[in-house]
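These features come from TrEMBL:
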type	residues	note
TRANSMEM	33-52	transmembrane segment
TRANSMEM	113-141	transmembrane segment
TRANSMEM	153-170	transmembrane segment
TRANSMEM	182-198	transmembrane segment
TRANSMEM	224-241	transmembrane segment
TRANSMEM	247-267	transmembrane segment
TRANSMEM	279-296	transmembrane segment
């Protein structure tokens, strides 16, 4: 029996279209949520007291998240196609499997970035410049795993740019006393979930020479994740205080802390299926915080 899911939608698409949808990871929406949710936090915090977030902006940023996550995955697979062929989990990706060519991927990337530019041009001038500034991070992130054991940090800087952009899209510029702590909290969050994600591939990564925080931390992973989680929670409190958030917000921060504690305590870094389950559960963290922001603002 068919179920309504992103993976089913991709499988139901015309066969020539499927490799492109898989290239932009439309069948695995967890990453899109993790890119989108920091945008929603920022848009929610920027709303006027007593008001709901701007639904037009939430919709625009949702479309932008799908396109930019797809573009990032396309760039990643173009850089990593030779590595992907050597890893069981990624060998079936369209470029690695030869379902589409590098040139076709490049054309597809151009289309995604063009559509993302159309979304960006709907924002104010400050936000257009701020959004364009993130492109260098999007392009260079896939190279970091060849250079440093901290590619997850660069991913955090990239994936949480929306924590700056959402506020500026509503207010016309960044309020740094709110935006910087929120951005830092997002970066810490990414270090948590992407280190967990990286533990899935650590054996293959050692063989092919790819670096990650999972290999850097090894058996000390849970201590590091605990430190990142604490930094995230403290930064969220600072951001909330600087924009006069109320009790529901701090209740949501407490719920996020409880979720992170359970996630880290029960994590088995040597079981890839458990790592994937914990990674995907981070969508719940982002949604909890967004609900807390909305209720706190009301």
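Cβ atoms are placed via backbone N, Cα and C, with glycine included.
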Are the transmembrane segment (279-296) and the transmembrane segment (113-141) close enough to be called in contact, which here means at least 3 C-beta pairs under 8 A that are separated by 6 or more residues? no
Counting only CB pairs under 8 A, let me know which of 33-52, 113-141, 224-241, 247-267 has the most with the transmembrane segment (153-170). 33-52
